[in-house]
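So that you can see what the record holds, here are the features copied from TrEMBL:
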| type | residues | note |
| --- | --- | --- |
| BINDING | Gly24, Lys25, Gly26, Gly27, Val28, Gly29, Lys30, Ser31 | ATP binding site |
| BINDING | Cys198, Cys201 | [4Fe-4S] cluster binding site |
Amino acid sequence: MQAGAEDNYGNLALVKHVVLVLSGKGGVGKSTITTELALAFKHAGKKVGILDVDLCGPSIPRMLCVGRPDVHQCDSGWVPVYTDAQKSLALMSIGFLMEDPDEAVIWRGPKKTAMIAQLVSDVAWGELDVLLVDTPPGTSDEHLAVLENLRKHRVDGAVLVTTPQAVSTGDVRREITFCKKTGVRILGIVENMSGFVCPHCTECTNIFSKGGGEELAKLTGSVFLGSVPLDPLLSASVEEGRDFAESFPNSATFSSISSISQVLLKSLEND
């Protein structure tokens, strides 16, 4: 790192890679993919952070079973919440800052923008290999605020999450346009809920259509990172805040997630 870089980058100075996780619509499992990628990176020996800027639906604290801890401050800003004693997975979420977990975030654009600016610049991350930024669905002012406040630090790119159906891939196509217009590199597309894994026989059935994400990647010249099936074991792990990789290391679903994380890591480290 060049002299003076730490001053320029502030609390992101020691963060090697920043990756946005985007989706064109809600309900595609973007936060689940963010959580599972973070855990896969952690199991690969990386120090990882998640910045949850989904202001209206901050679900990652529950997915990582960290509850509602008090957020402390140091000289550099907010201290992130760590999910393990080794401090290998750090998390900051708007969910930690709300007095009432059932309170609705009814804010106009300027207040949202100001909060995102704080979340991006005022968290003392320390050294991280990868910071994953879980964004709200769509291409709204929240996304522009995130990008605006990350401009001082090199953003490696974005992972786009879709489900196989055309209605979802159509929305992700607009997300691709957003990335191109704002100069964000597309690291790849993940197709989530790609088939249903039977909890009894482990056979995977395509209850939705299949291959929409891969086809979209081909049409747009993007990298297809892989597909993750709709697996009741993964859903239960997310609901209960358990580490899916630790609980089901031999499952085909974990193999898919692990493969996606390895391809993504290799892309980041070879950049």
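Backbone N, Cα and C atoms are what each Cβ position is placed from, and that goes for glycine too.
Automatic, uncurated: that is what TrEMBL annotation is.
Note: the CA-CA distance between Gly29 (ATP binding site) and Cys198 ([4Fe-4S] cluster binding site) rounds to 19 Å. Sitting within 8 Å of the Cβ centre of Gly24, Lys25, Gly26, Gly27, Val28, Gly29, Lys30, Ser31, and not among those site residues for ATP, are the Cβ atoms of Ser23, Pro137, Val161, Thr163, Ser168. Between Lys25 (ATP binding site) and Cys198 ([4Fe-4S] cluster binding site), the C-alpha separation comes to 26 Å. Most Cβ neighbours within 10 Å, among the binding-site residues Gly26, Gly27, Gly29: Gly29 holds that distinction in the structure as shown. With all protein chains in the displayed structure included, the most crowded Cβ environment within 10 Å among the binding-site residues Lys25, Lys30 is that of Lys30. Cα spacing between Cys198 ([4Fe-4S] cluster binding site) and Val28 (ATP binding site): 20 Å, rounded to the nearest whole number.
Between Gly26 (ATP binding site) and Cys201 ([4Fe-4S] cluster binding site), the C-alpha separation comes to 30 Å. Ranked by how many other Cβ atoms sit within 10 Å of their Cβ, the binding-site residues Val28, Cys198, Cys201 place Cys201 at the bottom.
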